[in-house]
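Structure record follows, encoded as C-alpha cells.
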Amino acid sequence: SGSCSLKTCWLQLADFRKVGDALKEKYDSAAAMKLNSRGKLVQVNSRFNAPTIHDLVYIDPSPDYCVRNESTGSLGTQGRLCNKTSEGMDGCELMCCGRGYDQFKTVQRERCHCKF
C-alpha cells in the first residue's frame, strides 16, 4: 500500500467590515458617466482620470439619503439617534447632513439579573 498527500485550498471571504469599507470607498470615488450620441459611455468630467475596470461608474446620481423618499424607500435621517463623538457613519455631523442636531442626556436603568 502506498501513501499520498493531499492539499486542500479553502476560499474564505474577507471580514464583512473590510468588504463594506472597500465598497464604500469605491462608491465615494465612483465616476460620473453619460451616454454620448453614439450610445457609448463617456466621462462627465474629463479632468479626472478615466475609470479603470476596477472602478465603479454611474449614470444616474444617488438619491439624497438625508431626505425621506418614498419612491426609493429611503426613510431619511431626520429623527435618528447619532453619536456626537463619532466621526463615522453614526456620527452626528455626517448623519444629520449638516442640518444640526439636538443634544440630550439620558439615564437608563436596567435589571442585570445579577446573582451574588
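Along the chain as shown, the residues are counted starting at 1.
Placed from the backbone N, Cα and C atoms, the Cβ positions cover glycine too.
According to Swiss-Prot, the feature O-palmitoleoyl serine maps to SER1. Taken from Swiss-Prot, the feature N-linked glycosylation site covers ASN69, ASN83, and the record attributes it to sequence analysis. Look at Swiss-Prot and you will find CYS82-CYS97 tagged as disulfide bond, backed by similarity to another entry.
Shown here: features listed in Swiss-Prot, placed on the structure.
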{"residue": "ASN69", "record": "N-linked glycosylation site", "Cβ contacts under 8 Å, 6 or more apart": "PRO63, GLY76"}
{"residue": "CYS82", "record": "disulfide bond", "Cβ contacts under 8 Å, 6 or more apart": "ASP90, GLY91, CYS92, MET95, CYS96, TYR101"}
{"residue": "ASN83", "record": "N-linked glycosylation site", "Cβ contacts under 8 Å, 6 or more apart": "ASP90, GLY91, CYS92"}
{"residue": "CYS97", "record": "disulfide bond", "Cβ contacts under 8 Å, 6 or more apart": "CYS66, THR77"}
Looking only at DSSP and grouping its letters into three states, which state does CYS97 (disulfide bond) belong to?
coil
DSSP-derived structure type at ASN83 (N-linked glycosylation site), helix or strand or else coil:
strand
